[in-house]
Amino acid sequence: MITKQLLEHIEGEASVYFDIKDDKVDFATITFPHFRGMESILKGKNALDALVITPRVCGICGHAHLMAAVRAIEDAYKNAGFEIKLTQKAQKIREFTLIMEMIQNHFKWLYMVIIPELVKLISIKLEKTPLKGAYAASLSAKAIAVFGGQWPHSSYMIPGGVTSDPTFIEIMQARSQLEELIKFFEKETLGISLDKFLTLESCKDFNGFSSDLTNLEKGLIETGMHTKGFAKDQFIVLGEHGFTNSSKLKGTRTFGINSKYVSDTDAYSPQEITYAKNALYKNEYYEAGPLGRMLSQSVPLIKNMHRRYKDSAYSRVMARVFEIGYLLEYSKILLDNFDIDEDSVVTVTDIKQISATGIGVVEAPRGPLLHKIELKNGMISQYHITTPTQFNIGSSTPQTPTPVQQAMQGLAKKDALFIFRTFDVCSVCTTH
Amino acid sequence: MHSKKDNKKKLLWLQGVTCNGNTHSFLNLPYLPLLLSKIELLYFPTMEALYTFEEISECKLSCDILVFEGAFDPELKRNDILIQTMLEHYSKNAEYVIAVGSCASFGGIFKASAPQRNSGLLFNESERTGPMLEVDQKIINLSGCPIHPEWLGYTLNMIINHQKILLDEMHRPRELYSNLAHHGCTRNEYFEWKVDAKGFGLKEGCLFYEQGCRGPMTHASCNKILWNEVSSKTRSGTPCFGCTEPDFPKQNFFNTKTNMSIPEDVPLGVPKRNYLTMAGIAKTFHIKRLEGKLIDYKTTP
Ligand code: SF4
């Protein structure tokens with residue numbers, strides 16, 4: 001018999017239809033029932049309007065949408081013969097604010113979603129403190145606002161650079177938000193210093209101290225999450241950034257990748273209308289997000305995790321927490337090497353001269369985000385968005401399961417529901 | 001299950017057609033824990049609260065403050081229940097219905113996805129033809145895309161403290177929306193002397209003349225109560241897009257609409273002819289200080 005389960009406290013909502021046999025999930029399909037029509041809203045508008053409209057696709061990763069949109073427009077410039085070369089300064093500011101958005105997302109997911117859901121499954125003491133997540137996220141948002149004016153829904157990137165012109169004071173302000181965030185992460189989440197955390201090489205190292213992180217780790221082991229939730233063991237990282245390698249991974253082996261091979265198909269949802277599409281790379285399903293990103297960077301701890309527990313729910317959760325630390329460290333470098341003499345924006349040709357297509361790819365908190373734009377005299381004739389959740393939480397047939405469908409198979413329903421959330425689901429992005 | 005002993009106001013947060021931006025903006029409120037300790041959260045989209053959405057959608061409970069985020073769509077269902085049914089049920093006993101964000105206030109960006117159907121709770125853009133006319137006295141509009149967290153913080157605190165909230169004709173609290181986004185902008189002096197920004201990525205110059213800034217026509221306290229406590233769109237060189245007004249979103253955000261090089265819209269309450277005369281005079285002044293860079297890192301030894 002097929003039973004429906006409403007999933008809340010993800011970004012938006014989803015329904016999962018479970019087919020249960022002998023108390024185990026035989027198969028599950030996923031429905032995203034809401035729709036907003038962003039791509040059609042964009043049609044016929046000036047290309048630059050995408051910089052204001054697309055952040056409104058999503059309340060938690062709007063900045064990633066902004067960056068994908070600006071990259072798509074800049075790519076169209078390039079394809080029209082007007083290549084734009086950003087200054088180092090503009091690039092660094094963009095990367096820094098993107099990273100801050102990723103971090104706020106991970107903190108909220110950890111404290112508002114994962115810990116409260118894990119508490120329902122375990123016997124050991126793990127305190128629910130959702131407001132810790134909100135506090136850390138608000139520090140990240142402040143750091144974004146220093147350069148971007150506000151968060152959520154900043155629109156401070158434009159073709160050629162960024163609209164802000166920070167002085168040393170602003171860089172110091174951002175730096176102090178970052179310090180505060182690192183202090184919070186060390187004291188509240190890790191229980192050890194960030195430097196120490198980043199040198200851990202084995203899962204065994206978690207035994208030496210006690211904190212939210214180690215309690216989480218114990219909870220994952222107690223619930224057997226290191227032996228459950230295996231997906232495809234193949235990952236994609238598409239966005240080009242200083243903090244990651246764009247590549248395709250089979251296990252830990254990396255291969256080259258080209259975003260032109262990304263395609264999408266209608267999701268399979270026999271019970272109810274869904275507005276989601278599945279995203280594929282060369283017609284195959286891949287897992288997207290921090291686990292793949294950290295493996296692509298050959299982080300020793302994550303490689304050790306993968307050796308022991310493969311792409312289990314454990315590895316997926318711990319990689320996302322690890323990525324917070326990794327990105328915090330990288331952000332320090334970004335802010336330290338800042339040439340304030342450079343221009344924030346370089347002059348570009350009037351958008352009206354541009355008739356071309358462009359693609360903008362970034363790593364959003366949950367994985368690759370792609371915006372494809374088609375311009376006629378600077379006006380949008382087509383806009384197409386592919387989001388990370390479309391890679392992870394696709395809904396396909398039993399013959400070709402998507403990462404999440406595979407990860408839930410053969411498990412008790414309560415475990416499957418937790419594993420669903422380990423992918424950090426965003427329904428609003430998916431049904432843009 | 002919730003206890004009645006401390007008589008805290010019961011708050012329920014429902015969503016229409018939305019991006020979750022208001023939810024996330026609210027989570028940035030600096031005094032969030034203190035505020036939440038003063039109310040009872042029946043349901044909140046991103047955090048566990050007293051009830052599950054399944055329990056809420058049965059429409060058997062009641063709340064004192066109903067917060068609604070997103071555009072209203074009469075056909076939208078959540079958990080198979082029309083959101084309209086939930087709104088009708090929960091607004092009946094609520095003291096206040098707070099429309100958070102421009103979608104819930106006027107239709108906002110998600111009106112565009114189904115223009116014939118979607119609207120705000122009380123207003124459809126600026127027309128009073130929304131679905132909740134019957135309870136219009138209870139409705140407070142906190143427009144903005146998204147809301148500024150402190151605007152909701154203010155409104156909830158006023159309600160908790162039994163203070164009267166003065167509203168404007170669009171049902172927005174006067175204390176928050178009497179200002180214009182232009183008030184407190186660091187570029188005001190450039191505005192006065194008609195010195196435009198020579199492009200983006202500069203701290204000098206006003207964004208009104210070329211870059212599409214709607215600050216002088218937009219009721220909002222973004223430059224008075226800073227975003228995330230640190231900045232605002234115009235401070236970071238981005239024009240104000242007028243996101244708190246019923247006509248948001250307009251088009252060509254980064255461009256000022258002009259007729260024969262005269263801005264089509266002039267500052268609120270100023271007769272166009274007078275504005276142009278004054279602008280003409282102001283332009284004849286050449287104020288050296290406003291012509292160059294404020295700090296020139298490149299040429300200063
Ligand atoms: S940039 Fe906008 S808000 Fe600032 S002074 Fe100019 S018109 Fe006013």
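Just so you know, glycine gets a Cβ as well, placed from its N, Cα and C.
Among the candidates A:Glu13, A:Glu39, A:Glu74, the one that TrEMBL lists alongside A:Ile385, A:His432 as binding Mg(2+) is A:Glu39.
Of the residues proposed, A:Cys203, A:Cys426, the one TrEMBL records at the same Ni(2+) site as A:Cys58, A:Cys61 is A:Cys426. Considering only the binding-site residues A:Glu39, A:Ile385, A:Cys429, A:His432, A:Cys58 (Ni(2+) binding site) has A:Cys429 as its nearest partner by CA-CA distance.
Proximity to chain B (CB-CB distance below 8 Å) holds for A:Cys58 among the binding-site residues A:Glu39, A:Cys58, A:Cys61. Ranking the binding-site residues A:Cys58, A:Ile385, A:Cys426 by how many other Cβ atoms lie within 10 angstroms of each Cβ puts A:Ile385 at the bottom.
Highlighted in sequence order, A:Met38, A:Leu42, A:Thr54, A:Val57, A:Tyr383, A:His384, A:Thr387 have their Cβ within 8 Å of the centre of the Cβ atoms of A:Glu39, A:Ile385, A:His432, the residues recorded for Mg(2+), and are not part of that set. Nearest in space to A:Cys426 (Ni(2+) binding site), taking C-alpha to C-alpha distance over the binding-site residues A:Glu39, A:Ile385, A:His432, is A:His432.
By neighbour count, meaning other C-beta atoms within 10 Å, the densest spot among the binding-site residues A:Glu39, A:Cys61, A:His432 is A:Cys61. Comparing CA positions across the binding-site residues A:Glu39, A:Ile385, A:Cys429, A:His432, the one lying closest to A:Cys61 (Ni(2+) binding site) turns out to be A:Cys429.
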